[in-house]
Amino acid sequence: MSNLTTFTYFILGAYLNVGTLQYFYFTLTALLYFVIVFLNTSLIVIICVNRSLHEPMYMFLCSLFVNELYGSTGLFPFLLIQILSDVHTVSVPLCFLQIFCLHTYGSVEFSKLAVMSYDRYLAICSPLHYKTKMASNNTVVLITVVWVYSLAKFIIHLSLNLRLTLCGNVLNSLYCQNYPVVKLACSDTKVNNIYGIFTIFLSLVVPLLLVLFSYMRIMKVCFSGSKEARQKSVTTCTPQVVSLLNFSFGSCFEILQSRFDTTSLPSALQIFLSLYFLMMQPILNPIMYGIQMSKIRNIYKQCILKTSDILCN
């Protein structure tokens, strides 16, 4: 048997030989990464600079946009290097670092969306107690807890992987993923699998239960309230619902693809499904919230106009 320390690198076996088209894919991927960084960074700056946006909902949004940058940076620079490489290998430490970044990104994303749904529940269903329950200190504590909880939870998962004995180093994927590494093990993976299922439950099922509870209560209030109250609720909740559905859709594809044989699917579709939740969510969220939230939209327009005036003068 070969121990994990025997291998100094993993081979990524999902890359196709596309010839000179690699430069086209590199440019496309780099452009997408630039757009993601620009949109998320600009909204973070707008929320941080404008005191009128220093409210719980916008503080949660700011943390969400930080997470989009965190997840994108864990993928895109690596992807750009691999697209231009003739040999698709990654060192073992870098591979585990990427696994840590991408999995904690997913956990933080779901937890953040759950906390934001609870925030909307308090704002709509308990408006008189909202400022007390969602004071600045409580908001900061919630944001911190989500990050610490997600990071600590996966550190345990990663430590279980590091003890495995591996009998190969070929990953059938575009980037480093947790379960494909576990599948290379020739030692007992029972503990890893049990903890993996437990982690999925904590990362997906628990946040979704909180989301369902929050939105069921919101819907109940909406249907019993005035038309104006319904419209306001729909306006504030729509981006979160769309974001949650999109991320759930992409995450389900990723989990199914990593655990089941999808070689019968066309290669282009496999690549699209494996990258969907890491590419679409970071670009969808800033666009959705930037368009839907009137405060952010108006301030964004003012910034663009001021920048245009400065450039023209």
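In case you wondered, yes, glycine gets a Cβ from its N, Cα and C as well.
What TrEMBL records for 7-25, 31-49, 61-84, 140-160, 194-216, 268-291 is transmembrane segment. Annotation comment: TrEMBL describes 39-289 as domain 'G-protein coupled receptors family 1 profile'.
Below 8 angstroms of C-beta separation, residues 58-59, 61-62, 65-66, 68-69, 72, 76-77, 80, 279, 282-283, 285-287, 289-290, 296, 299-300, 303 of the same chain, each at least six residues beyond the ends of the transmembrane segment (31-49), sit close to that stretch.
Beyond the transmembrane segment (61-84), the same-chain residues lying 6 or more positions past its ends with a Cβ under 8 Å from any Cβ of the stretch are 12, 15, 22-23, 25-26, 29-30, 32-33, 36-37, 40-41, 43-44, 47-48, 90, 94, 98, 101-102, 105-106, 108-109, 112-113, 116, 143, 146-147, 174-175, 275, 278, 281-282, 285-286, 289, 293, 296. The average per-residue pLDDT of the prediction over the domain 'G-protein coupled receptors family 1 profile' (39-289) is 84, rounded to a whole number.
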